[in-house]
Structure formats: C-alpha cells, structure tokens
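Q: The structure's right below; bear with me while I get my questions together.
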Amino acid sequence: MDSSTLSPAVTATDAPIQSYERIRNAADISVIVIYFVVVMAVGLWAMFSTNRGTVGGFFLAGRSMVWWPIGASLFASNIGSGHFVGLAGTGAAAGIAMGGFEWNALVFVVVLGWLFVPIYIKAGVVTMPEYLRKRFGGKRIQIYLSVLSLLLYIFTKISADIFSGAIFINLALGLDIYLAIFILLAITALYTITGGLAAVIYTDTLQTAIMLVGSFILTGFAFREVGGYEAFMDKYMKAIPTLVSDGNITVKEECYTPRADSFHIFRDPITGDMPWPGLIFGLSILALWYWCTDQVIVQRCLSAKNMSHVKAGCTLCGYLKLLPMFLMVMPGMISRILYTDKIACVLPSECKKYCGTPVGCTNIAYPTLVVELMPNGLRGLMLSVMMASLMSSLTSIFNSASTLFTMDIYTKIRKGASEKELMIAGRLFILVLIGISIAWVPIVQSAQSGQLFDYIQSITSYLGPPIAAVFLLAIFCKRVNEPGAFWGLILGFLIGISRMITEFAYGTGSCMEPSNCPKIICGVHYLYFAIILFAISVVTVLVISLLTKPIPDVHLYRLCWSLRNSTEERIDLDAGEEEPVEEDPKDTIEIDAEAPQKEKGCFRKAYDLFCGLDQDKGPKMTKEEEEAMKLKMTDTSEKPLWRTVVNINGIILLAVAVFCHAYFA
C-alpha cells in the first residue's frame, strides 16, 4: 500500500492521545461559547414570543409554523449525531450502500405530506396513538403504542445519540464521557422543558443551517486532501491496513479489504451486506413507520399553518435528505483512505489502542476527520455542529415523548387533571427520561461500537413493521377494526421481540468471530425479517377484522382515506368513554371583578414565566371562538395556486429520488 495516503498522525502509535489536545485553543473555544449563547438566545426568544400555556401551544406550536422551519426541523430531528458517527462509520467499513437509507426517505416524505398528514389533521389529533383511539375505539391500542414508542425512543434514538455525541466530545475535548453527557443533557433539557415545540422548531432551524455549513466545509477539505472524486474512488479500493497478522492471529482477507461492490447501492440479494430487495421493500416498511407514523416527525407537520406549508416543508426535507450521502457517507470513506491503520484496523489489540473497542474503529471515522483536518476555529464550529445535531434530536425526542406520556398515559391515570397539571407532568417526565437515558449509556458503551448504526436499524426492523402495518391499514382499509389491529400489533411484537432477545443473547458477532446464533433465527437479514414481519402483521389484522364486526361509517368520517371528504358529523368511538369531569367546587375560584388581585412574589412570577404557566392573564375563549379554533385545527384546504406549486415540487422530488438510485445502483 502506498504510504502517501497515510497521514503522519497515524504512524505514531499514540494517535488518540494527540487528538485530545486539539480543542484547547482560544479560537475553537470561543466559537463553541458563541454558538451556545446564540442557541440559548433563540430558545429564550421562542419562549417569550409564543403561547406555551396551553397543551396545543406547548406541544403543537399553536398550528402557526410556516414551511421552511418545518422542513429544516424535520431534517434536524432525523439527522442526529448517530448519523454523523453511524453513516460515516458504515461508509468507511462498507461503501455507499447506507446512503440508500437516506434516499429512501425522499419517497416517504411525499407519502407523509400528501397522504398521511391530511388524515391526521382532519381527525384533529395531537399524538399518533390518539389517532388510533379515534379510529378503532378502546384504550388498549393507544396505551400499548404509547409505551412501545417510549421504549423505542430510549433503546434506539436517545441512547445511540448520546453515545455518538460522547464519542465526539471524548475525542475532541478529552472530557470524561459522563461529565460531557451531563453538561449536554442539562442544556438540552433546559430549553425543551421551558420552550415547548416552537422553541424546538426554531432552534432546529438554526442548527440545520450550522450543520450544513460545517459539513460542506469539511467535505470540501476532505476531497481536497484526497485529490478529487476520481482519486477518491481509486484510493478507497486500496485502503488496506498495514497490520493484518499478530503472532498467532491471521485475519481473513475479506475482513480488511474494501468490498468489491463498495460503490453500488444495490447489492447481491443473498451474499450482499445490504441485499437490494431488502433495501427497496424492507427499508420502505421501516421508512413508512419512521416518516409517516412516528410522533417526532408527524408532530412537526401538525404544527403547520395550512396544508400547503406541510407539503412544502416535506419537500424541503426531501431535498435536504439528498445531502447525507455526500456530507457523511463519503467523508467517512475518505477518512478510511487518510487514516487507514486507525479507521480500518482489524487486529483487536490495534483497535483497542486507537478507539478503546476491540471490534473495530470505523465509528471514529467522522470525528477523526474533524479533529485532524479542520483548522482552528472551524474545528470548534464542527464540534458545535455535532452538539447541535445531538441536541436537536434529543430535544425533539424529549418534547415528543413528553407529549405521548402526558396526552396518552397520564390522562388515563389522572382523569380530571387540569391543563396546568398536565403541563407540569409533561415537564417532569422529561427529567425521568433523562435519568433513564443516562443509566442506559454504559450498556450502549459496552455494546460493540462496530454495530451502532446496525443496532439502531435492526431494533427498528424488529419492532417497527407491525406499527407500520396497522397505520397503513387503518387509513386505507376501512374494514379493519379494533380486535384485528390489536392482535396484529401483539403478534407482531411477540415475533419481533423474540428475534431481538435471541440476537442480543448470542451477540451479532464480527468478521473475526462470527456469532453462533441459530441460522434459522439470525440467518435472515434484518431487512428481510422486516418484510416477513410486516406480511404476518397485515394478514393477522385483515383475517381477524374480517371475522369480527365492522365499524359503522358514522364513526369513521374523515378518519380513513375513502371517507376523507365527508362532511357529516362523526360520532367518535371514544366519545362515550370520556365521562365529563365533575369539577370540585373547592377547585373553582369565584373571581370578583372588583376585588384587587393578589400580587405574586418575584420568585413565583419568575417560575410561572419560566414554565409558561403565567398565561392566565388573557381572556378565556368563548364557545364560538373555541369552535372556530377547532375548525382551524382541522382545516386542510389549500389555495389552488400554491397547491399546484407544491404538487409540481413533489413530482420533481420523486423524479430526483429515482435518478439518484439509478445512477448509483
């Protein structure tokens, strides 16, 4: 292997030690400080300028958002630091196939904006389980889904993001991982708890801009260093580590040579690491679950001013999703070229020396590039970008998780909870989540790092498909009823969780030491498993629904696609269940207009302002105003001109998606 592709930093055996000293200069530190000050300022501005005193205001930003913050926020909530670490790492290990995961989303943001969101808005819901309750009646599906979603957040999103953020801080600052995580979560929680959804969406928009600028600059540096695109394709295939045997260990050749199909998205259906049928069909099922039924994503769309803004926001997000292939996957591959011995290490002893885990160091591909290539000041900017993507993902998840908990679980435990109590419960729940997340970090830390991105995708493949099946059928097949949906979800969950537990018990193995899990269980690629699980769930739901009583149309107006334009009044299936709460006379306060209002103390005023609980000063809404508000919340009309504009853009986006897949296939 020609030594010219190796940077001098790698030849020293104590490479990681040098990296720690990198961000100890004035330029970098001042950039990071300025960045955090700006973020806090934006959060505070959103906190004082929007209504957070109502559940609709805190959780849905009062349905007043325009298209560009929605698009940016969809993108930022999706791209966490797990993407920077995971996508770049998989790129370094196996080429561009993981980029296909990002491009698949181009199709599904269109499906979300054009097919799913209109139904959710007409149903007038805040959370996804709430939609299923209106559609099927009964509470068991709603509670089951809320709990499952919270589990998925903790196991995949929160833990993976925190872990990859910690890798970064550790490489750049040399801080103890737990200290770093504590500081991060404190800042994140502060403006989620105080600001509500508007703060989250505005800070997301700011962070998307910073993320894109920073990663464009880094990609430029990386391609310049490697000598352009042609040289990049050529050198990647030759990026083989120098140390491949160690006394009695000799590593198999396929464990350290780049894959022959590194530059193809579609790979062999049987021997490929990303089989093409799995990438087209299996991944589409996961994308349907993630983009069209996941609380974090849908909540962004529900906060839009009107339907045209939803569609435009989705289209913007689709165009942004073209970028990760070029801004994350390819820089990860370049990192392997520049620091081959470090990133592509195969000997457990070498890997342990470079990144502390024996299974491989591809996870540090992106952080290494930042720390080694960027000049002072810009390096601080890139660290801010990583923190930005981590924090924006976490704030989105914290806000959505507290929405799920407050609206779907807490209201069942405390039937007569006041608006104020709900607001406080939602904020306290965020603190509980943070506690669980920190406790989960050591488990993720010890999960072999080489599997981080695969870990996220595979857990999604085991738990997501039944949810996707139920939502798809709920919207497009009005014959489906509650028993069918419930048992479909339960059976799907049992099959998925048994595969997940088996795989964790045996471990997924690595190239050096394959797992000894029974072939019949773990031998099926997780994307194929998603297809099988989805099919089983769909069949179960349909069969049980056809054997039981259908739901009368009067309960389904505007809840499924075939009845989406009906104007008749809908009798909600859950209408009878929500018995009106008798207000305790001692809870109601007679307000004498003449009596002077008691002045609150300074501390109490500050507390109320901080938590958005001070908004009792405005007049109460009249019945007519409430009806008008309800109409606004469920309105999906569009102006003809803008409808045409967004539709044309949607078609262009789909054409771009097809072209990208074909070009790199």
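Glycine residues also receive a Cβ, built from the backbone N, Cα and C atoms like all the rest.
Under the heading D-glucose binding site, Swiss-Prot lists Gln457. Sequence annotations record features per position, and here Swiss-Prot assigns disulfide bond to Cys255-Cys511, Cys255-Cys611, Cys345-Cys351, Cys355-Cys361, Cys517-Cys522 based on similarity to another entry. For Asn248, the entry in Swiss-Prot reads N-linked glycosylation site, with the evidence type sequence analysis. Annotation comment: Swiss-Prot describes Thr588 as phosphothreonine, evidence class similarity to another entry. Swiss-Prot lists Gly43, Arg300 with the feature site 'Implicated in sodium coupling', giving similarity to another entry as the kind of evidence. If you look up Swiss-Prot, you'll see Thr460 marked as site 'Involved in sugar-binding/transport and inhibitor binding', on the strength of similarity to another entry. Annotation source Swiss-Prot lists topological domain 'Extracellular' at 1-24, 91-95, 170-176, 222-275, 332-375, 445-451, 505-525. For 118-139, 194-202, 296-309, 407-422, 478-481 (among others), the entry in Swiss-Prot reads topological domain 'Cytoplasmic', with the evidence type similarity to another entry. Per Swiss-Prot, transmembrane segment is recorded for 25-47, 96-117, 140-169, 177-193, 276-295, 310-331, 376-406, 423-444, 452-477, 482-504, 526-547, 646-663 (among others).
Help me picture these features in the structure, burial and contacts included.
A: DSSP gives Gln457 (D-glucose binding site) a helix state. Here the Cβ of Gln457 (D-glucose binding site) has 22 other Cβ atoms within 10 Å, regardless of which shown protein chain they belong to.
When Cβ atoms from all protein chains are considered, those within 10 Å of Cys255 (disulfide bond) total 13, not counting its own.
For the recorded site, Cys255 (disulfide bond), the DSSP three-state label reads helix.
All protein chains considered, the CB of Cys345 (disulfide bond) has 25 other CB atoms within 10 Å.
Mapped onto three states, the DSSP output places Cys355 (disulfide bond) in helix.
Neighbours of Cys522 (disulfide bond), defined as other CB atoms within 10 A of its CB across all chains, total 19.
In the three-state DSSP scheme, Asn248 (N-linked glycosylation site) is classed as coil. On its own chain, Asn248 (N-linked glycosylation site) has no residue at least 6 apart in sequence with a Cβ closer than 8 Å to its own Cβ.
In the three-state DSSP classification, Gly43 (site 'Implicated in sodium coupling') falls within a helix.
Take the CB of Arg300 (site 'Implicated in sodium coupling') and look out to 10 A: across all protein chains shown you find 34 other CB atoms.
A sphere of 10 angstroms centred on the C-beta of Thr460 (site 'Involved in sugar-binding/transport and inhibitor binding') encloses 22 other C-beta atoms.
In the predicted model, residues of the topological domain 'Extracellular' (1-24) average a pLDDT of 42.
Below 8 angstroms of C-beta separation, residues 236, 258-259, 261-264, 273-274, 328-333, 335-336, 343-344, 360, 362, 365, 450 of the same chain, each at least six residues beyond the ends of the topological domain 'Extracellular' (91-95), sit close to that stretch.
Within the same chain, residues 55-56, 59-60, 145-146, 149, 293-295, 298-299, 301-302, 307, 310, 403-404, 407-408, 412, 470-471, 474-475, 481-482, 485-486, 551, 555-556, 558-561, 564, 572-574, 577, 630, 633-636 sit at least 6 positions outside the topological domain 'Cytoplasmic' (118-139) and bring their C-beta atoms closer than 8 Å to a C-beta of that stretch.
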Q: Comparing the disulfide-bonded residues Cys351, Cys355, Cys361, Cys511, which residue's C-beta has the most other C-beta atoms within 10 angstroms in this structure?
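A: Buried the deepest by this measure is Cys361.
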Q: Checking the recorded positions Cys255, Arg300, Cys361, Cys517, which are within 10 Å of Cys351 (disulfide bond) at the Cα level?
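A: The recorded positions passing the 10 Å Cα test are Cys361.
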Q: Between the stretches 25-47, 96-117, 276-295, 646-663, which one has more Cβ pairs under 8 Å with the transmembrane segment (376-406) than any other?
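A: Top-ranked stretch among 25-47, 96-117, 276-295, 646-663: 25-47.
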Q: Can you work out which residues elsewhere in the same chain, 6+ from the ends of the transmembrane segment (452-477), have a Cβ less than 8 Å from its Cβ atoms?
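A: Tertiary neighbours of the transmembrane segment (452-477) are 82, 85-87, 89-90, 98, 101, 115-116, 119, 128, 131-132, 135-136, 141, 145, 148, 151-152, 155-157, 160, 163-164, 282, 285-286, 288-290, 292-293, 363, 444, 485, 488-489, 491-493, 496-497, 499-500, 503, 508, 526-527, 529-530, 533-534, 537-538, 541-542, 559-561.
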Q: Does the transmembrane segment (276-295) come close to the transmembrane segment (526-547), meaning at least 3 CB pairs under 8 Å for residues 6 or more apart?
A: yes
Q: Taking the Cβ of Gly43 (site 'Implicated in sodium coupling') as the centre, how many other Cβ atoms fall within a 10 Å radius?
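A: So the number of other Cβ atoms within 10 Å of Gly43 (site 'Implicated in sodium coupling') is 22.
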Q: Under 8 Å for C-beta pairs, could you tell me which stretch among 25-47, 96-117, 140-169, 310-331 has the largest tally with the transmembrane segment (276-295)?
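A: The listed stretch sharing the most Cβ pairs with the transmembrane segment (276-295) is 96-117.
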